[in-house]
Amino acid sequence: MDLFIVVAGIVGFYVAWNIGANDAANSMATSYGSRALTLKQIIIIASVLEFTGAVFFGKKVTHTIAKGIVPIELLDHNLVVYGALAALLSAGFWITISTYYHLPISTTHSIVGAMVGFGLAAVSQNHLTLDQIKWDVLARIALSWVISPLFGAALAFVVFSLIRVLLLDRFASESIEHVFRYLQVLTACYMAFAHGSNDVANATGPIAAIMGYSGGVPFWVLFFGGLGIAVGIATWGYRVIETVGKQITELTYTRGFSAEFATATTVLLASNFGMPVSTTHTLVGSVIGVGLAGGLASVNLKIVQKIIFSWIVTVPVAAAMTISLYTMMVVFV
């Protein structure tokens with residue numbers, strides 16, 4: 001079993017690296033698109049804040065991913081090990097592919113889809129029944145995929161429209177934009193910290209399940225997860241940052257602030273209602289909303305179509321990959 005923990009640690013680090021590479025765009029892309037920060041500054045700031053958030057505030061969400069979808073307490077521990085490893089590998093592969101093609105997918109939905117695949121594979125082999133999978137949790141997640149980007153888009157549209165009417169149309173735009181440059185950087189830093197605390201669980205949750213999770217997440221698991229995210233941002237984070245920050249619509253400081261403020265507010269409201277939402281989906285929706293405030297022509301619809309397609313296929317692809325890997329492990333290992 002010690003060997004499996006070592007393997008899980010390596011695979012978990014790989015998934016955390018993927019999270020950093022893809023999800024760095026959640027917190028810092030709009031700051032890059034509006035030129036509030038350079039790419040080098042973004043990599044340094046995001047790496048530090050994501051790592052800090054993951055290490056010191058990542059325990060609670062790790063608990064949810066470890067036990068919130070598949071009832072691991074009802075399964076033989078060897079099956080839990082196979083399923084969690086298969087989920088980590090599948091989510092990691094899919095995130096790598098998406099990052100290569102500059103697509104901002106939800107790493108949360110990747111690991112959720114992978115864990116669903118684990119549960120369905122266990123059902124197919126009569127280790128679980130279909131009603132033992134926690135479908136109510138999955139229903140809330142599915143609902144969040146629709147609500148969060150739409151709400152983020154609407155709120156960003158309203159916020160930027162108010163800024164334009166109350167400030168930009170009345171005062172010198174250069175002085176207003178200068179003030180919002182600093183406000184946007186502060187918002188981005190907060191989002192990076194919050195994202196690290198939430199999404200590190202996508203890598204550490206399955207590791208906790210493999211270790212026979214009983215309530216206490218070891219510090220080294222969170223440390224490794226946070227380190228993996230930081231390394232991912234530093235080495236490959238620029239790919240998706242460019243897509244969200246520059247290719248959807250043109251971003252100024254006020255536009256970038258509006259998108260980040262709308263995203264943070266949407267995620268906070270969802271948390272108060274216990275709704276698990278994707279920061280990725282919410283931010284992309286918010287960026288689109290800001291673009292629409294300038295008219296439909298200012299939004300790159302081809303990029304938006306590619307992003308939406310990647311969202312739709314994430315869960316079934318991650319689930320199918322997990323089912324295949326899990327089945328091979330059960331048969332051959």
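Glycine residues also receive a Cβ, built from the backbone N, Cα and C atoms like all the rest.
As recorded in Swiss-Prot, the features of this protein are as follows:
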type: TRANSMEM; residues: 1-21; note: transmembrane segment
type: TRANSMEM; residues: 37-57; note: transmembrane segment
type: TRANSMEM; residues: 79-99; note: transmembrane segment
type: TRANSMEM; residues: 103-123; note: transmembrane segment
type: TRANSMEM; residues: 143-163; note: transmembrane segment
type: TRANSMEM; residues: 217-237; note: transmembrane segment
type: TRANSMEM; residues: 284-304; note: transmembrane segment
type: TRANSMEM; residues: 312-332; note: transmembrane segment
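For the transmembrane segment (217-237), the partner stretch with the highest count of Cβ pairs under 8 angstroms, out of 37-57, 79-99, 103-123, 143-163, 312-332, is 37-57. Here the listed stretches are 37-57, 79-99, 143-163, 312-332, and the one with the most C-beta pairs under 8 angstroms to the transmembrane segment (1-21) is 79-99.
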